[in-house]
């Protein structure tokens, strides 16, 4: 049967369509289609090519940073003498404060570039936190829908097992006792044997009911005493809110596919993914905060440490962008036509017919249930058993009062079987499982896709921000080095508490006029030593 390209109540978003329309090239630069086939090496090559663009961007970032390092380390050395002369002239012109106008403008430019890059990084971190939350919400909705589907399938298995075990008990117990009581009385023995054959018929029909695991083997030890052994997974039939989670027994995907196993595996992987992004975002936030602190305090050692961490953050940003690009493109291919992948995947259709899968994936009103014939025959058989038991109660029970106990037991088993059967018919309807399927698609392809796109934007912006930071920090180091020397000189000069700036200025003025000692003062006609009444020198 041809795959259905659309799912009722689900439409691929505009982001899914745009990402799905991205051209695909393999390692030989040959064009490939966009059909989601994760097991194909050709399809994996297209994802590798898309991820390689992030590696190319990383190389370009390294070249840009390297060019700025060469500019600061090599090209500025030749200008050292000329800059020193200009700084002395600017110092004299500015009153000896130690800062030239040209140098001050350079320091201001470097500082503002660093601040702008850190601001861009902070914006990227905010986008990353939002995208991480959106992706987590999408995965939570996906796993919740899978757990609900697993609960439905497990409930179906439990109802089938209880019905089959009950009918087998009625055949081996009360019906056998009734045959022994009726003996050679043919009018009562014929309906009793008819009930036995019909019960065995219902057991056979329900045993051939395939859904998630194929044929249900009815054998000693397969079903537990309480009938809770599920044929679709390791989860106990319980509501999703209280369903226990079990660790996967093997690393490989079980064959056929189990929603319970998939939900548990996705929850574990999502926890690690969410925690990894939180740590990466916190790393970027710490680096940005301490860079601002280092610029404010002019702490060169702090900026050196943050530069090392900025290199690490730069590699992590471009690496995460490559991984997110491949994930977004692969997810868009799946979300564009999910039914095709599910119908063609061996993990889903193993021992399960394509007709059954198509019935639950599309849930079209024009399609009849593939279990309609089995359910109809089982319903007719149960009705016939009920009619035979009514005739035995009316005709044979007055003549054989010893068969009353066995007859009541068979009626109780039949009533419980009919109740289970009505619940089974309701659960086998496609609306419940199809709703879980659509909800899982919406969680994965709407919220999950949006979250991954925001994370990709975060990685790109943070990579640009850290590239700009690494280009601007060497200029800050250079300015902090000369500033620290000036501050050291000023600190050494200010160690004498009796020396003031005014005294130093007078000393400088006196040295310019006559290079006289500071204890001479100028008094009109000439210089005279202090505390002296001698006439001024000629």
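The backbone N, Cα and C atoms fix where each Cβ goes, glycine too.
Among the features that TrEMBL reports, compositional bias 'Acidic residues' is placed at 486-496.
The annotation compositional bias 'Polar residues' is assigned in TrEMBL to 497-512.
Per TrEMBL, the feature region 'Disordered' maps to 486-538.
Per TrEMBL, transmembrane segment is recorded for 47-72 (among others). Beyond the ends of the transmembrane segment (47-72), by six or more residues, the same chain brings 22, 24-27, 314-315, 318-319, 321-323, 325-326, 329-330, 463, 467, 470-472, 474-475, 478 to within a C-beta distance below 8 angstroms of the stretch.
Positions annotated as transmembrane segment by TrEMBL: 107-130 (among others).
The transmembrane segment feature in TrEMBL is assigned to 274-295 (among others).
Annotation source TrEMBL lists transmembrane segment at 302-321 (among others).
Residues 15, 57-58, 61, 64-65, 68, 110, 113-114, 116-118, 120-121, 123-125, 127-128, 130-132, 134-135, 277, 281, 284, 287, 291, 303, 306-307, 310-311, 313-314, 317-318, 320-321, 324-325, 327-328, 331 of the same chain lie 6+ residues outside the transmembrane segment (452-473) yet bring a C-beta within less than 8 angstroms of a C-beta in it. For 452-473 (among others), the entry in TrEMBL reads transmembrane segment.
Beyond its flanks by at least six residues, the transmembrane segment (274-295) meets 111, 114-115, 118, 121-122, 124-125, 128-129, 132, 135-136, 302-303, 305-306, 309-310, 312-313, 316-317, 320, 455, 458, 462, 466, 469, 473, 476 of its own chain at Cβ-Cβ distances under 8 Å.
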